[in-house]
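Before I ask anything, let me first share the structure, which is written out below as structure tokens.
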Amino acid sequence: MKMLTRLQVLTLALFSKGFLLSLGDHNFLRREIKIEGDLVLGGLFPIKEKGTGTEECGRINEDRGIQRLEAMLFAIDEINKDDYLLPGVKLGVHILDTCSRDTYALEQSLEFVRASLTKVDEAEYMCPDGSYAIQENIPLLIAGVIGGSYSSVSIQVANLLRLFQIPQISYASTSAKLSDKSRYDYFARTVPPDFYQAKAMAEILRFFNWTYVSTVASEGDYGETGIEAFEQEARLRNICIATAEKVGRSNIRKSYDSVIRELLQKPNARVVVLFMRSDDSRELIAAASRANASFTWVASDGWGAQESIIKGSEHVAYGAITLELASQPVRQFDRYFQSLNPYNNHRNPWFRDFWEQKFQCSLQNKRNHRRVCDKHLAIDSSNYEQESKIMFVVNAVYAMAHALHKMQRTLCPNTTKLCDAMKILDGKKLYKDYLLKINFTAPFNPNKDADSIVKFDTFGDGMGRYNVFNFQNVGGKYSYLKVGHWAETLSLDVNSIHWSRNSVPTSQCSDPCAPNEMKNMQPGDVCCWICIPCESYEYLADEFTCMDCGPGQWPTADLTGCYDLPEDYIRWEDAWAIGPVTIACLGFMCTCMVITVFIKHNNTPLVKASGRELCYILLFGVGLSYCMTFFFIAKPSPVICALRRLGLGSSFAICYSALLTKTNCIARIFDGVKNGAQRPKFISPSSQVFICLGLILVQIVMVSVWLILEAPGTRRYTLAEKRETVILKCNVKDSSMLISLTYDVILVILCTVYAFKTRKCPENFNEAKFIGFTMYTTCIIWLAFLPIFYVTSSDYRVQTTTMCISVSLSGFVVLGCLFAPKVHIILFQPQKNVVTHRLHLNRFSVSGTGTTYSQSSASMYVPTVCNGREVLDSTTSSL
């Protein structure tokens, strides 16, 4: 049944194209190379290019055709001379032309299966006596096939050869389809599949940030599957396809000129990715030259490093990036090929045509009106460059030879010749047990490293290694320069790349955003965006997102992250500090001077009469208020913050408790004199001190409880409108600080009330009058301070300075209104600081260890009558 299936397939194939390829047609003129051997390898090469119109074949393909064909012959010669590889076994060849067409290649490949059919049905050729009939044109039995070149050719041929279990090794077919072992189970290749190349091309685009490109593919398996693999890799890297074009020979496809026009419709897609056969690439570049179009081409190995593709259109291809399979030139082949000429190469029937085409001459007189070829013409370095896949052709032939060698050693261990077990090859065994398992160092490779190993993976594919070339103009000469390589990862020498406009081209749907802008992607298109500036306090988390650094942080110069802003606070050298500190120092010195004067003249009548105990307490409070400036200017810390909260209210409490005690005493004394009451209680100096300390203690207790409930500390504070500034402040609200002064306000109000009540005392009693001046002025200062404090809350410098100056002014008011007159008399009018006469009090006298209101001390200057009662003034009438 199996034999009938093969016969039916072969018969259908033969008759579908007529009898030109049948066994009995002797009129069909076929160009082929047949060299007999013990084992014969088939060969398929694009010796000629595609024909135009109705012609099957066109001009000679000098590089990919003739060179590759001769590479196979060269490899066969070397193997046959090798004493270690297949010794005693001669390899033969049967080489056919594919004309760069898959259908034509399939017709040619039928020759390879004729021998298999003959062996299968050999009984039909036996004579009645048991002998075999004499046959003409007996086909050679093919052990394996080397080829084809184009993926479309290899796919068609592989579908045929698998039916007859003939192994096939391609040296150039890279379509990913051929890795499918369920369909191409006798196919192997010394080159990698296209998805490696597609990945390399996508990485090149990503490397240069080309995210918006056009693509052009050749019709057929190579171009279509290759560009499909590229599109998958591009999507993974957020690369968008502006337009995808396809070219081919069929009438439904666009012409090359129309493809160029379509590409020009996408002006932002300056990079064009080509996955095309060499002939299609040449035509497209020529069309671009006609349209004077300028693109940056990124091309697959279909273009590679071929001079023929860009010939005549070099200016259009300038700056192109092309890929070629990584290979080493076979120098022995160079010597072999350069030794060939039409007079010594008779086994190659296409060589004469190649010679005439290459040198534009004729080997026969008056042929095509060409000049006669000079017999001294030769192939040399001036007119020859080794084609890039010669190494892969040689490796393919050697791979088949190594597999046959191991099979022969296994099946025929006692001989170097072919034994009966190999007379009819088991192609399945050869492929699976030997070919896929070969592992040898590439012949003629000077580098004995990992890259020189020839082996196949489980899919029969070669290793993925590519060279990256740049087409450039150096010194007026165009050439390809290797600028990198790809072997799972990309490596490029960017400095060696020449661009058509002397700078790396851009190929993006939208212009690049500024360093401080993010991309706002357009719906449905990951490559087109609108640039939106980030706020000054935002950094770029990625190219699509601006992220808030958060309070207290600021983006770095390159917007890649954030850093902690330095803490801002008033420093001693700031102008905002110098003014308040100067005022506070002046006030503190004045306070110290007053204290010094009072201590020095402590026992003089004026000091005694002033209530010196309360005066010292009052002066201590004034001095403490000046010290508060230093606490508010100092860098905030838990200790400083505690001192601020404790000292501000306490300093005022000390001052106004002393004043309240004094005004209350005066008021009670005059009320007692006025009403004729008994001597008021608690008017002795010690009583007044205890009353004053009690009032102060209330404030201290309140602040202490506050400190316990809300522990002092610092916080980093940022205003919404000034995010770039981080203010180091105490962790207490401004409102809380003012609330803590509530008790002091009560003291001020009470002092003011008592000062107002004693305003009608005799005019010679000036103590009450000056206390009144002090309290009125203090109220004015505080009424002006409160709104200023709240209005300046947005600027901590102004607020702090206002606070310091207001506190200092309160101290100056006390010094100026209460103590300045006394100091003036003590220092400049000492004659008034004496006892001038005695005032007798009928109702009561006040006495104590310190200040005395009694008959012994009532002989002060000027007796005073208040509402008909005589009282003692604690100051003098001339103040």
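Glycine residues also receive a Cβ, built from the backbone N, Cα and C atoms like all the rest.
Source: prediction; values computed, not measured.
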Quick check: of Ser151, Ser281, Ser289, which does Swiss-Prot put in the same L-glutamate site as Ala172, Ser173, Thr174, Tyr222, Asp301, Lys389?
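Given Ala172, Ser173, Thr174, Tyr222, Asp301, Lys389 bind L-glutamate in Swiss-Prot, the matching entry from Ser151, Ser281, Ser289 is Ser151.
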Need the matching range: Swiss-Prot marks transmembrane segment on one of 199-219, 808-828, and I'd like to know which.
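Transmembrane segment, as annotated by Swiss-Prot, spans 808-828.
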Going by the disulfide annotation in Swiss-Prot, which one of Cys528, Cys531, Cys534 is bonded to Cys513?
Cys531
Please state whether Swiss-Prot assigns Ile570 and Met803 to the same topological domain (same side of the membrane).
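Going by Swiss-Prot, Ile570 and Met803 are on opposing faces of the membrane.
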Test of record reading: of Asn292, Asn602, which one does Swiss-Prot tag as N-linked glycosylation site?
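So the answer, going by Swiss-Prot, is Asn292.
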May I ask for the residues of the chain that lie six or more residues beyond the transmembrane segment (614-634) and have a Cβ under 8 Å from a Cβ within it?
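Counting only partners 6 or more residues beyond its ends, the transmembrane segment (614-634) has Cβ contacts under 8 Å with 570, 572, 577, 580-581, 583-585, 587-588, 591-592, 594-595, 598, 607, 640, 643-644, 647-648, 650-659, 661-662, 688-689, 692, 800, 803-804, 807-808, 810-811, 814-815, 818-819.
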Who are the long-range neighbours of the transmembrane segment (808-828) in its own chain, taking Cβ under 8 Å and residues 6 or more past its ends?
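Those are 580, 583-584, 587, 590-591, 593-594, 597, 601, 604, 606-607, 610, 615, 618-619, 622-623, 625-626, 629, 652, 655, 659, 766, 770-771, 773-774, 777-778, 781-782, 875-876, 879, in sequence order.
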Return one of helix, strand or coil for Cys528 (disulfide bond), based on DSSP.
strand
Name the one residue among Cys240, Cys419, Cys534 whose Cα is closest in three-dimensional space to that of Cys509 (disulfide bond); these are the disulfide-bonded residues.
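Going through Cys240, Cys419, Cys534 one by one, the closest to Cys509 (disulfide bond) is Cys240.
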Let me spell it out: take the transmembrane segment (578-598), skip the flanking residues so only those 6+ beyond its ends count, and list any with a Cβ under 8 Å from a Cβ in it.
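Residues 572, 607, 612, 615-616, 619, 622-623, 626-630, 632-633, 800-801, 804-805, 808, 811-812, 815, 819, 823, 826-827.
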Could you state the whole-number distance in Å separating the C-alpha atoms of Asn292 (N-linked glycosylation site) and Cys240 (disulfide bond)?
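With the alpha carbons as reference points, the distance is 25 Å.
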Taking the Cβ of Cys562 (disulfide bond) as the reference point, list residues of the same chain whose Cβ is under 8 angstroms away and which are at least six residues distant in sequence.
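Residues satisfying the criterion: Tyr539, Cys549, Gly550, Gln553, Trp554, Pro555, Thr556.
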Return the residue, from the listed disulfide-bonded residues Cys99, Cys240, Cys419, with the maximum count of other C-beta atoms within 10 angstroms of its C-beta.
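That would be Cys99, with the most Cβ atoms nearby.
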Let me check the 10 A CB neighbour count of Cys361 (disulfide bond). How many other CB atoms are there?
16
Of the recorded positions Cys57, Asn209, Cys373, Cys419, Asn439, which sits closest to Cys527 (disulfide bond) by Cα distance?
Asn209
